[in-house]
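Below you'll find the structure, written out as structure tokens, and then a few comments.
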Amino acid sequence: MIVAGARTPVGKLMGSLKDFSGTDLGAIAIRAALEKANVPASMVEYVIMGQVLTAGAGQMPARQAAVAAGIPWDVAALSINKMCLSGIDAIALADQLIRAGEFDVIVAGGQESMSQAPHLLPKSREGYKYGDATLVDHLAYDGLHDVFTDQPMGALTEQRNDVDKFTRAEQDEYAAQSHQKAAAAWKDGVFADEVVPVSIPQRKGDPIEFAEDEGIRANTTAESLAGLKPAFRKDGTITAGSASQISDGAAAVIVMNKAKAEELGLTWLAEIGAHGVVAGPDSTLQSQPANAIKKAITREGITVDQLDVIEINEAFAAVALASTKELGVDPAKVNVNGGAIAIGHPIGMSGARIALHAALELARRGSGYAVAALCGAGGQGDALVLRR
């Protein structure tokens, strides 16, 4: 079960969190999650953290974050790279290990500094005798480029939209609602249960407290988004406004055996249910969250109508629209407090963020079923059922 969790505010690309590494952010989230759970670091038996952009991050980013968070040196850690699925897969793996009897208490989550992703110089080890050399953007190539079709994932999504036929207006309206819902959630204090402020040192004077997601624009409307140019094709429908933001952040949860939590007298947010993992038939993204949700709820033994809370990562508006339609659910149940279009999408973090948010939303409601799902690079999808 998920006992508690915490996340940093999400920073924009080269924004307020640009000077924090992924491991710095991960440590902040882990430390805060332990505090919220009222669990001492000495009780943690294993740490699993997702991170996608690891070039230049140093060995074992998960272990770096764990040690920086005060978790003892004799506690092992595992770094996961399953692209956008990394954070949710970390939680699912933690659940599986606990069910297998390997551990009782695991920290799981995801961390990412997209701002600090370096540029790479391929073939530099063998040297360049003459002429120019080309730098490769680690962020773009290893984070946002579909290797199977050799194009940006946005272009791939645009290509699939020729089949799905979601209009520019539909995507702009969805994106605007994401911002409006997220802004309203912040105003109503919804995110206060999950976000821990980050103290940012200044050259002079006291540190600044960075406390709210940086990318949310409360005044965003479909009309204002209509003025943006297509991002991936001249006649395309996807813009920077209907795609998730490139961002920095981290999230962590405390996953614990139920008997252990009861022994310690702890409350919990939600029990972890079935996990759905899907892939194919190609590298497109739109159907993957829906496919993963269908697999997970079938394993859980429930129907889609029994889901009270549905979190679908907004990699693109087209993905959330397609998966919502394929599930046949009321759109009002999906991403009730906004999503990655407004909040941002630090790729290693997002799976953990939406799982934590779904658990907290379920706890606020008192009972029911929730599911968190994402698409992932290479045409994969993960979903995790939560119940209370």
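Every residue gets a Cβ built from N, Cα and C, even glycine.
Quick look at what Swiss-Prot lists:
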- C84: active site, acyl-thioester intermediate (ACT_SITE)
- H345: active site, proton acceptor (ACT_SITE)
- C375: active site, proton acceptor (ACT_SITE)
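Overlay of Swiss-Prot feature records on the structure.
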residue: C84; record: active site, acyl-thioester intermediate; DSSP class: strand
residue: H345; record: active site, proton acceptor; DSSP class: coil
residue: C375; record: active site, proton acceptor; DSSP class: strand
C375 (active site, proton acceptor): tally of other CB atoms within 10 A of its CB: 32
Intrachain C-beta neighbours of the residue listed as 'active site, acyl-thioester intermediate', sequence separation six or more, cut-off 8 angstroms: V52, N313, A315, H345, I347, S350, G351, L374, C375, G376, A377
Around the Cβ of H345 (active site, proton acceptor), the count of other Cβ atoms that are within 10 Å: 27
